[in-house]
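Residues or ranges marked as compositional bias 'Polar residues' by Swiss-Prot: 1-21, 94-106. If you look up Swiss-Prot, you'll see 22-33, 80-93 marked as compositional bias 'Low complexity'. What Swiss-Prot records for 1-39, 71-141 is region 'Disordered'. Swiss-Prot lists 1-163, 213-248, 299-351 with the feature topological domain 'Cytoplasmic', giving sequence analysis as the kind of evidence. The transmembrane segment feature in Swiss-Prot is assigned to 164-181, 192-212, 249-269, 278-298; the stated evidence is sequence analysis.
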Amino acid sequence: MSVWTTANNSGLETPTKSPITSSVPRAARSSAVITTGNHQQHHFQHVVAAAVAAATSVATGHQFQQQFPLHAHPHPQHHSNSPTGSGSNSNNSAGFQRTSISNSLLQFPPPPPPSSQNQAKPRGHHRTASSSMSQSGEDLHSPTYLSWRKLQLSRAKLKASSKTSALLSGFAMVAMVEVQLDHDTNVPPGMLIAFAICTTLLVAVHMLALMISTCILPNIETVCNLHSISLVHESPHERLHWYIETAWAFSTLLGLILFLLEIAILCWVKFYDLSPPAAWSACVVLIPVMIIFMAFAIHFYRSLVSHKYEVTVSGIRELEMLKEQMEQDHLEHHNNIRNNGMNYGASGDIV
């Protein structure tokens, strides 16, 4: 008769003949064969289970072994060629289990530590990042960004005032120099006095606006050309706000009104000796133009003030909503901390 025994610890079995002597009695031989068969069947089941576990661990750990290659030291395998020894079979199966377990442990290395990117960031990090990104437009209602917007508006006003004032004052000076008056003119003396006063006021107002623009604009241009919101406090536009508004009003409102009056008086002085109706016609045409100009100026300034008021109101509402949200978040955070403290105290972690 033949029984199955292990030839090595890799799970390969080879049938070997069990020698049976004729000197042993038949009953003893049958009991020995039954005992040996039971031991061999138990050993065969154990070896098959260990082989299946090793194959499963090798299949599942193949990907981890590619990512984390570990060079394990080979373990010496002990071969046993004993045909019937149960003790040697137990030792071989135990050695096979230890080798399989050690190989499976080497194939599954410990997971890497969590990276610093996945770790929790402190509470002040988000606030600092949001405040440092004001230049990109993410914090549009911060005091620094609002000051930067005022800086840009003041810069535009000063540029417009300087150009307008230089142009109109130059025209007034040329008109006063080029006008030709004779001693025997029929122009009323009052009209000549009005012409002199209007021309002087026109040049003085535009020169004042031009002086303010010329003095303040370089300091503002220096900060604007740096393109950095963090340097906005170095600009004098906040302290010199009233001077900038004065230059803007002198150049666009008062200066233009005086320029229209200058045209009417100049037409009267120039054409009165030649044709009095021509002088009166110039004044008649200029009256509706002056009315339209004044109406447009009033409407424009009212619209501008209304727009500023709406923007200010919307900004205040957003600030109120932001304040309420911050208070609600702070209250929720405080409640969570208190609840966690009560839970820890109840569990006995904190006494």
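Cβ atoms are placed via backbone N, Cα and C, with glycine included.
Source: prediction; values computed, not measured.
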Six or more residues out from either end of the topological domain 'Cytoplasmic' (213-248), which same-chain residues have a Cβ under 8 Å from its Cβ atoms?
134-135, 144-145, 147-148, 150-152, 154-155, 157-162, 165
Tell me the residue counts in helix, strand and coil for the topological domain 'Cytoplasmic' (213-248), as DSSP assigns them.
26 helix, 0 strand, 10 coil
